[in-house]
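Everything below concerns the one structure shown next.
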Amino acid sequence: MFLRDSWLCAHWAWQSSRSSLVVLALLLLHTSDLEGRKSHQFVWKTGHWGRCIGDCGSGGVQSRVVWCVHSEGWTTHHSNCEQSDRPDSQRGCFKICNWHLELFEWEISEWHMCVLVPFAHGEVKPRTSECVTAQHGLQHRTVRCIQKLNRTVVANEICEHFIPQPPREQACLIPCPRDCVVSQFSLWSVCRRHCGKSLQHRTRSVIAPPLYGGAKCPNLTESRTCNVFISCSHGEEEYTYSLKVGPWSKCRLPHLNEMNMIGRTMLDFSLDSTERSSFKLQVVENAQNFHRFKLHHNSKAWDIEIGYQTRQVRCTRSDGKNAMLSLCMQETIPLTFQSCVMPKDCETSDWSSWSSCSKTCHSGDLSPGFRSRIRNIKHIAIGTGKACPETEETEVCSIGGGQHLHLCPSYLWKTSQWKECDVSLLLEQQDSHHQKHIALCGGGIQVRDVYCAQSTLDEMHKSTEVTRPVENKLCLAPAPPSSQLCNIPCPSECMVSSWLAWGPCIHENCQDIQGKKGFKMRERRVVVESMGNSAGCPHLIESIPCENPVCYQWIILEGVCLPYNGMCGPGTRVLLTVCKNYLGDDVADDFCSEIPSPSGTTTCEVPCGMDCVVTEWSQWSSCSHSCSSKNAEGKQSRTRSILALPGEGGKTCPPNHVLQEYRLCNNHSCNQVYWETSTWSPCSENTLITSLNATINWNGEATCGVGIQTRKVFCVKNNSGQVSAKRCPESIRPETARPCLLPCKKDCVVTPFSEWTSCPTVCQHGNSTTTKQSRYRIIVQDAANGGQECPDTLFEERECEDIPLCPVYSWKIHKWSQCVLVPDSIRQGVLGINEPCGRGLQSRVVTCVLENNRTVDVSECLKWAEPMPSLVQECLIPCKDDCTFTPWSKFTTCASDCESTRTRRRTLTGKSRKRDKCQNTEIYPQVETELCPCSVFTTRPHGNWSECIISVRQTELQLEARFHGHAKECGEGVRFRALACYDKTGRLVEPSLCNHSGYVEEPCTVPCPFDCKLSDWSAWAPCSTTCGTGVRIRSRWLKEKPYNGGRPCPKLDPKNQVYEAIPCYSECSQYSWRTDPWSPCEINSEQNTLHCGEGIQARKIRCVNTTEDDEGEIVDNMLCNQSEIPLETQKCTLYCPSECVVSKWGHWSQCPQPCDPNIMQTRTRHVLRSPSNPTTCPEDSQMRPCVLNQNCFHYHYNVTDWSTCQLSENANCGEGVKNRLLSCIRSDEKTVNMNYCEQLNVEKPSKMITRCLVECVVNCQLSEWSAWSECSHSCGLSGQILRTRSIIMQAQGEGRLCPAEFTQYRNCATKPCFSWVLGDWSPCRIEGGQCGDGIQVRNLTCMAHDGSLSAASKQVESALCGDLPSKENVLQLPCSLPCPGDCHLTEWSEWSSCELTCIDGRSFETTGRQTRSRTFIIQSFENQDSCPEQEVETRPCSGGKCYNYVWKASLWQDNERIVWCERSDGVNVTGGCSVQMQPTTTRHCNPACRKPFSYCTQNGVCGCERGYTEIMRSNGFLDYCMKIPGLEDKKADVKTNTAKNKPVNSKMHDIFKGWSIQPFNSDGKLKIWVYGVSAGGFFLIISLIFTSYLLCKKPKQQQHSPPQQKCLTLAYDGDVDM
């Protein structure tokens, strides 16, 4: 039991722990797997960011792909990578939309300085000698994307969406360093001719400054001691002495430590030049000597303090050292003290607040806004105090806070609708006396109002919106035209053909036959339809009542006569019937059922062999009259003739009167009737038509529903007027009503009133006129079709209210104070000056007051009143020894005009009369003389006459007035010439002194241009052809030629005529040939006794106008078709008895269309009398093929060219009509009647009439002259005033062109000019001394002149010139004169020529530079340490040149030469040339010539002296010099250098210096010519030996043997003879 339980416990324990072990094993495996993963290095990878999606702006979202990648490159599950390191897959972005283009832009800075490439990031590359022309570098700039509104920086991607980013860097070149370039030294200055030592100097100037790290400029001065020493004679001092005056000290007030005067003048006699000998003043001052004056206003004091200033005076020696003052003593000692005004700076108030920004909206441009602030001047500067600064300040501004500004209003030109077209405006140009009437049409001018209106960018698409007008200057774009050419269509008349023949009498309505009343009708057709507002074509159908009308009838066709006996004699004939309508067309027999059919048989007779034979009856002739009246009736006739005479026993021929028959025709009345219509009424509303009422667009115009038009229709009887409507056929009655489209009503549209014109914002003076303000509005659309009418008031005006009057400010001047001197303690410090007298200063109080004498702030007067009067002036307290005078007397009276003089006097008073110095009138004048003022003036004309000025009339303000001839261009006018007024001295004075207005005027005439004038058009000539289309011509001729710039004539023929041609059409049946019956056939009885056989018969022919009634008017035969002229005579045959008699040939059968030659055409005839022998009868039928243009024809319409543009009689230009005409042309080009084409239904052209345009001849239309401008110069002789005008409409066609000038000038009234003239600066003046600090002065003089450059100016009183110029009132400047021995600067040199920095001869920059310099002059070497620095100035210039600098060298002389640098323009300089390339100036032998009797030759090699020859080594160098035996004083051997180096001309020596015979080179090797000479000598010896051998050799004996025979061969040797 125990064991079993133990086993069970162990088993349970194992089962329980097994699951735990499994979990533990899994945990261990997972841990090891994690460790393994970490060791394999999984990383995150990302794709590119996608497009920004979402709303426009900063609310967009951008995405990208993120995945996990093993280091080996394969992709795995994202859980293998660290989740904490996972990159973002989305981010916010700025969604860019197209409208952002207006909000962002690239901001690009200027390129920075070019730096060397290896050191492009701030380091500096050291200068090297490797640079030849330039070094490569880089330059950078800043590029960033900004928001236009507030200039803030945004992401570059926004701008890149629209425009690629500009480059941030670019390559550049840095020129090589260039040293300072200076000119050559000047000549040495002249040594002074004074005993003792002296210096001389020379200077040079800077031509080009150092650039790009080049060497600085060298010293520009050289000094040296003069070689000539002049010893001082007895009594002559080696040094000179000069009294040197120092500068004035600052103005100051006495201090308390100066209350006890303990000093006297202490002079320093030290020779040290750095110590200064001066008056050292210690003063005692009490309270009374401190003078302070206050200008009070509103408890605000202006302190004007008068103090004193001093200066030092010392004696200096010519070597620059100080000396005892007694050595420089002179008669007058310069003042060392003077009164002065304590300087006070200009005082201003604090700045006001900034004004609002001028730009408070966004307009799409980059222009910034501005704001300003001001400050007031509390009081002006006193003495030498700081001048007043600017009182207004402006800066760029924008609305901050990053808020978006609303869009600025933009201003656009807007226009009203065009007014109605006015034709009379152009007709007035043709004829000024033309009277306007209703029937005018054609070309004209229409105008419209053009005004400027405000429109924001959002409203630009709302072009129909009516906005209020604003000032025209706000619209910057060019204004649209305010006038244009227009056209009123002219109605074109309808052209109709002539009447056709009357038709048969038919029922009014063949479909519904009622009664026995009928009508005969005739028609005519429309040749050219009417256009425009024409009344339409005339009636096209006329009718005549008739009796027994027939719409359908039987037509009888007779058959062949069949004799009873079968041969001849009586017989029967079959009658065949066909039913035809009134048009002649075959119809069914049912239509003729009401009429009994005449079909059946009838008796007839066939002539026998001996019977008389007559022809069948001819067709009835045309009716002689178209109608019947009391005096005439219509007749027709028909005839037949005898063909064969009877024989014996045969039937005789009928008498002649039986061969012709007559009958009445057209027996109806001549009073035709027709329907006449009135014009259509205007379209009106039709209450019956409601379903169609809607807004419809008809022919481009909006319509509002369907209306109805009506007209009256009435029956008119020819020559009788209106008759009852029953008299006219009802079937052809025109319609009396038709639908139409109603035009929409248009109400008047006006703009809102403009804003009231602004009233003055500043105050107005009391004497100014009342100011008014106005506003206006413009009619945009006139009322039409019963719309609301326009208002009457378009302009309103009212007076301005509450305009303040300007206060009048003025300066109130108080009395001058007492004269204030330098304090006694200061004056008494100077030896001999104890009396309180001399020059001082005095001040006064100046206040600002209103008209009521009320004191106000001084700033008001500074702003509105005249310039402030002076507060301080100089004054004089006479001393005891001063000269005193009485006041000046008045000037004496002038004896004559300004050619004489006047004087005034004064006299000495008191003790002054006894003092000798006061008697010196040069110093103390007692008489003053001046020229007398002029009182006599003369007038002289000045300049040329002005153009002839046509007076300008006051016209209406409407634009239409500009075209009605009010702007007069020619005729009577006035021209002006300026008058100048001069005094006797020739000075120009005011014109009022000459008692005239400044002008003289005279009448003048501007010739008017006269246009070419032609006559009126003649009547149209008849049509050039009587059948088909032709030409009608009319002409006009020249009446007057143009002159004075009038419109030219059109091109005229030699007869001075111009023609116009139009196509015309004539009915081919209008003129036709009429023939009488043929006469009987006449047989010549003399030759033919049987009176049968061939003979001749004749007839009369005539040409008649078939359009005329009755029998037709006989006209000239030429009007009829000559190709169709009938025969007047013809052969005939009178058959003999028993002969076969046949009828005339019938008509050829019809050929088909189109013609086909395979189809035959036939005609027949029949036997009228059979002969005894039937075989003798001729053929009874013929056939022929249908051949084109022989017996078969095609037909087509021929269209003429378009006519010239035809205008109405009431039009001069504009829209007209042109037409073309049709004619029917046969295929053989013959014109035939239109019926041929109409019967064949040939296709017609669709358009036979069209609109056209005749260019209007419009003269250039100009506006009225403007008012005369202000004078271009306020004074002088060159001033002009002008007036202008502008083009309203350019010339059209051959109209008068616009003039070349749109401005007229005339001279202004001449007035003298007064201007301040500054004189030249005086030399530096030292008061009481010879050198030191002084002043330069210049005069400011009021001069009168006439304004011309060449005019002489004359001095006048200063009051005429007014205020002093603010910028040129500096009349005194401090200056200094160097004392002998002082080191001082020279004057500035002249500016150098403009030079560019160039690389390889090409400019590196567009702007050059000029340089000038000044240097110091040393007068004593002891003072050279105190010399100032030399100065160089550079300025930019244009038009510079590139210069090259090259080394130049002279010829060698004694192994030396001169080397210098030369600029390409030939100027010798120092600097500029490369130091490394500088040639040597001395030539040396290497190695040196140390052998006895040797020296260095010009060639740089060692040679021997005269009498010695060179012994050379194998390397070519000199070994030693050997004396030539026996040659002492003889000429040296030519081989020696001595002989070669004898003195010769240097130039010749240089030429031949390379010709010395030296066998060795400088390196010791033999020269090439040595080998050549040796080889030549060897060959010469060989040739001599060989020649000697030949000459000495014995000749051999000759053996004579017969010549060997050659075989004969035939061979071609090339000779032509072969």
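A Cβ is built for glycine as well, from the same backbone N, Cα and C atoms used for every other residue.
Features of the protein shown, as given by TrEMBL:
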SIGNAL    1-36  signal peptide
DOMAIN    180-228  domain 'Spondin-like TSP1'
DOMAIN    346-398  domain 'Spondin-like TSP1'
DOMAIN    612-670  domain 'Spondin-like TSP1'
DOMAIN    748-804  domain 'Spondin-like TSP1'
DOMAIN    1012-1056  domain 'Spondin-like TSP1'
DOMAIN    1260-1313  domain 'Spondin-like TSP1'
DOMAIN    1383-1442  domain 'Spondin-like TSP1'
DOMAIN    1487-1526  domain 'Thrombospondin type-1'
TRANSMEM  1568-1592  transmembrane segment
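Between the domain 'Spondin-like TSP1' (1260-1313) and the domain 'Thrombospondin type-1' (1487-1526), the number of CB pairs under 8 angstroms, six or more residues apart, is fewer than three, so the stretches are not in contact.
Panel annotation: around the domain 'Spondin-like TSP1' (1012-1056), residues 1062-1068, 1070-1071, 1119-1121, 1198, 1200, 1221-1225, 1231-1233, 1257, 1259, 1294-1296 of the same chain, lying at least six beyond its termini, place a Cβ under 8 Å from a Cβ of the stretch.
The average pLDDT for the domain 'Spondin-like TSP1' (1383-1442) in the predicted structure is 86. Residue counts for the domain 'Spondin-like TSP1' (1012-1056) under DSSP, helix first, then strand, then coil, are 0 helix, 16 strand, 29 coil. In the domain 'Thrombospondin type-1' (1487-1526), the DSSP tally of helix, strand and coil residues is 0 helix, 17 strand, 23 coil. Helix, strand and coil counts under DSSP for the domain 'Spondin-like TSP1' (1260-1313) come to 0 helix, 19 strand, 35 coil.
DSSP places the residues of the domain 'Spondin-like TSP1' (346-398) in helix, strand and coil in these numbers: 0 helix, 19 strand, 34 coil.
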